[in-house]
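Q: Here TrEMBL flags 246-273 as compositional bias 'Basic and acidic residues'. Annotation comment: TrEMBL describes 238-273 as region 'Disordered'. As annotated by TrEMBL, transmembrane segment applies to 21-45, 149-170, 200-219, 365-386, 406-433.
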């Protein structure tokens with residue numbers, strides 16, 4: 001008797017394995033993705049938020065002729081008798097308070113000095129400023145280097161989640177653009193959630209991957225890994241323009257990159273005090289350079305007269321570092337962004353993109369939409385997982401036998417493991433745990449769907465569609 005049932009076409013051999021790891025990546029990453037997306041979206045508007053918080057310090061009404069810079073610095077030091085001078089930030093406008101950064105007891109304070117009356121009208125620990133708190137949440141979850149490792153691990157698995165999601169989304173048997181380029185909002189609930197997850201994931205993946213990759217140099221483990229690779233390849237520089245690891249990064253950012261400079265008072269075993277009279281000439285030179293704000297003036301090395309003037313613009317291609325001889329006002333050296341090693345330039349462009357500063361409002365908008373899209377992906381993924389999971393089961397796709405793994409998939413995983421070492425190490429740990437322990441525990445095998453290896457799915461499986469899976473290869 002003739003069999004009238006159509007022969008189902010087999011799916012790609014790696015589909016089940018990719019789907020399973022996409023599920024596990026999402027399960028681990030979603031809480032971190034939501035926290036990092038929200039904190040990152042806030043940080044995109046760092047300048048606008050700080051301007052609002054410091055409105056009163058930026059709009060002084062009783063301004064007359066401003067006093068000299070050295071007098072402003074002395075006023076901050078007088079209000080903090082045990083402090084040493086760290087750096088001075090040039091006022092953005094004539095109505096802005098002067099910002100003087102001082103260090104005392106291992107803490108950097110930002111003093112807002114009235115430029116005419118020399119009164120310290122506000123003072124705050126640099127690390128207690130609102131945007132610094134957001135920065136620490138985003139970069140280390142307020143947990144120091146341990147948090148930096150955790151954020152890096154989550155970012156690595158999020159990259160895997162996005163790449164595997166694109167693989168699952170790829171329209172191998174598409175009929176029409178519905179479910180491929182736009183979600184079918186009027187379809188069944190299962191199709192609605194699947195399309196919402198897959199289509200939005202497709203649209204934001206490219207920029208999200210750029211944001212994740214550009215953030216890696218800040219992380220502790222990958223940053224050290226990157227530095228080592230640069231040393232091995234002969235592309236390292238004496239001092240890079242960013243720092244990795246929470247404590248070093250926070251200290252560097254909060255003090256305006258003034259490590260190696262002497263405090264103005266020279267106490268606590270330091271050399272003779274810096275002659276602050278020279279800072280007036282340096283400030284005059286700095287004003288004439290029209291550098292991108294914020295512009296920091298830092299004191300010289302011990303016993304020297306060379307002060308450092310540095311633009312710390314969020315748009316890093318605008319940054320410039322200039323060394324000025326305070327005794328003559330002559331410019332000793334100048335380093336623009338274009339003078340840096342090409343690797344540092346690439347990283348600088350990436351960091352500016354990551355912070356929403358590279359191409360203005362459009363960069364901020366793209367970053368905001370990407371952050372919102374990642375939150376939507378996380379929420380829709382949770383909904384689909386909850387709808388498809390069975391009682392007593394995690395709801396993971398069934399495991400695939402090792403023989404199903406293709407050489408291409410193995411090579412891709414190897415490449416990702418080399419590029420993202422924390423991902424590679426964690427993957428090895430998970431696989432060893434699954435193969436050596438979890439498969440030996442019946443309850444764990446059942447909960448993780450390890451009892452029976454799943455077969456390669458076929459195209460157009462209505463059962464999977466109706467179950468509301470995270471991703472399926474049915475006709476779109």
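Yeah, the Cβs are placed from backbone N, Cα and C, and that goes for glycine too.
Unlike curated entries, TrEMBL annotations are predicted automatically.
Relative to the rest of the structure, where do these features sit?
A: Tertiary proximity for the transmembrane segment (21-45) is limited to same-chain residues at least six positions away from its ends with a CB under 8 Å from its CB atoms, namely 131, 134-135, 137-138, 141, 150-151, 154-155, 157-158, 160-161, 164-165, 168, 211, 355-356, 364, 367-368, 371-372, 374-375, 377-378, 381-382, 385, 395-397, 430, 470-471.
Counting only same-chain residues 6+ beyond the ends of the transmembrane segment (200-219), those with a CB under 8 A from a CB of the stretch are 40, 139, 148-149, 151-152, 155, 158-159, 162-163, 165-166, 169, 180-181, 183, 226, 242-244, 249, 347, 350-351, 353-354, 366-367, 369-370, 373-374, 376-377, 380.
Here the transmembrane segment (365-386) has Cβ contacts under 8 Å with residues 23, 26-27, 29-30, 33-34, 37-38, 40-41, 44, 193-194, 196-197, 200-201, 203-204, 207-208, 211, 356, 395, 468-470 of the same chain, all six or more residues outside its ends.
Beyond the ends of the transmembrane segment (406-433), by six or more residues, the same chain brings 13-14, 17-18, 24, 149, 152-153, 156-157, 159-160, 163, 221-222, 225 to within a C-beta distance below 8 angstroms of the stretch.
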